[in-house]
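Colleague: I'd like to ask you about the structure that follows.
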Amino acid sequence: MSSYLEFLSRHADQLVNGTAITLAQFVLSALVAITLAVIAGLLTLAPSRPLKAVATVYIEIFRGTSLLVQLYWIYFVLPLMGLELPKFVAGFVTVGACFGAYGAELVRGAVLSVPKGQWEAALALNMSPAKRMRRIILPQALAIMLPPWGNMMVEILKGTALVALISVADLMFMSRQINGTTYQSAQAFGTALIIYYVFARFLVTPLMRWLERAMARRLGRA
Amino acid sequence: MFDWQWDFTWSILPRLIEATGKTLLAAGGGYLVALVLGLILALAQRTPWKPLTLVVRELVEFIRSTPLLLQVFFIYYVGPQIGLRLSPWTAGLTAIGLHYAAYLSEVYRGGIESIGKGQWEAARAINMSTAATYRRIIIPQALPPSIAGMGNYLVGIFKDTPMLSVIGVGELMHTANTIGAENYRYLEPYTLVGLIFLAISLPAAWLVRRFEAATRRRLGLSK
């Protein structure tokens, strides 16, 4: 036990820095994912066929391939086509784009499951389509899709671990580095596992539950 | 496209196709491990002994909320320290199998819990043992509604196999990395890997959806 505490104090800097990078990657990835999910999810419901096609192609490509393949492609192949992203940016953009595609299906499903009467009532009140979406449909769709988004957030957190493979110095990267210099694999990888677990179980999940309850209260359903 | 070389593409295609076989093997092998371990994790949460339920429940949460990549490294590097020298394939299949077992155990649990109490009581009334009740009454009924979830995780496990490349499992991603390093060309190998994944997972996902619809129809859940 005391040798483990010694291990922790010796590598505290690396672990803390890695955790900070992981958190930054997580927050930025989540923002990208939410934005893309809402845009693509709504576009799949748009009346315009070309827009619908663009959204569908995006969703199928990102859902049909692996996150790791996407990451390597965006980081190593895109520069050959003239678009060079720094690794930190490539990391959260790819993770966000990948989970945004999964999220788009959640957005689409939730919007479609808002009862028909709500659409008709908004129409009867002469609301414009944009206003109807913003004031009537989206708030209710949000309450419907929040529970699956809770799982999605944990998946995004886990997904950020892959950015270590393009050398973003996140928690995963640091644990590998510690393992490489000390050969204390159980301590290095075990500590990282525990940190990810604590974040997912005691930070991300409770936060999403709280959001669910807050949302239900605002809609007068709690 | 930019500087795409077709002769290079054709020259590396056979190697990538061969590696696709290994990717499918890894996905299939990992899935088998997950199917069996998942059932054990699900049943372990249904014993009358509460502490076991709590421990297994937390274990499942732990596996589900930590990155697979990290679990792959953990198993591959910590194994030898406790005397288990695992080959990349064994470590990889164990890690991916264990990871998806946690997800599948939730699918099984949902299926088992959806079976009405009356079924248990009827089995008890005709003096069936618990094991026989599970085997002959509960699992056959719990399986059909779980099919969709199980199918989705099969596609999921296939898409997660590239993570095994980091410990040297010679699947698609690993092969593409090797080709790229040998030739200093990454455009074709990485793009082809993406296309191969699309070519397999899109039809697979479509099949799962059709299979799900067919099962629901057969069970009378929808028209």
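Just so you know, glycine gets a Cβ as well, placed from its N, Cα and C.
This is the feature table in TrEMBL:
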- A:19-204: domain 'ABC transmembrane type-1' (DOMAIN)
- A:20-45: transmembrane segment (TRANSMEM)
- A:57-76: transmembrane segment (TRANSMEM)
- A:88-107: transmembrane segment (TRANSMEM)
- A:141-168: transmembrane segment (TRANSMEM)
- A:188-211: transmembrane segment (TRANSMEM)
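Can you tell me where each of these features sits in the structure?
Modeller: Long-range Cβ contacts of the transmembrane segment (A:20-45) within its own chain (Cβ-Cβ under 8 Å, at least 6 residues beyond either end) map to 51-52, 54-56, 58-59, 88, 91-93, 95-108, 111-112, 133, 152-153, 156-157, 159-161, 163, 168-173, 196, 199.
Within the chain carrying the transmembrane segment (A:88-107), a Cβ under 8 angstroms from the stretch's Cβ atoms is held by residues 24-25, 28-38, 40-42, 44, 55, 58-63, 67, 70-71, 74-75, 78, 141, 145, 148-149, 152, 155-156, 159-160, 162-163, 166, 168, 170, all 6 or more beyond its ends.
Sequence-distant contacts of the transmembrane segment (A:141-168), counting only residues of its own chain at least 6 positions beyond either end whose CB sits under 8 Å from a CB of the stretch, comprise 21-22, 25-26, 29-30, 33, 67-68, 71-72, 75, 87-88, 90-92, 94-96, 98-99, 102-103, 106-107, 109-111, 113-114, 176, 196, 199-200, 204-205, 208-209, 211-212, 215-216, 219, 221.
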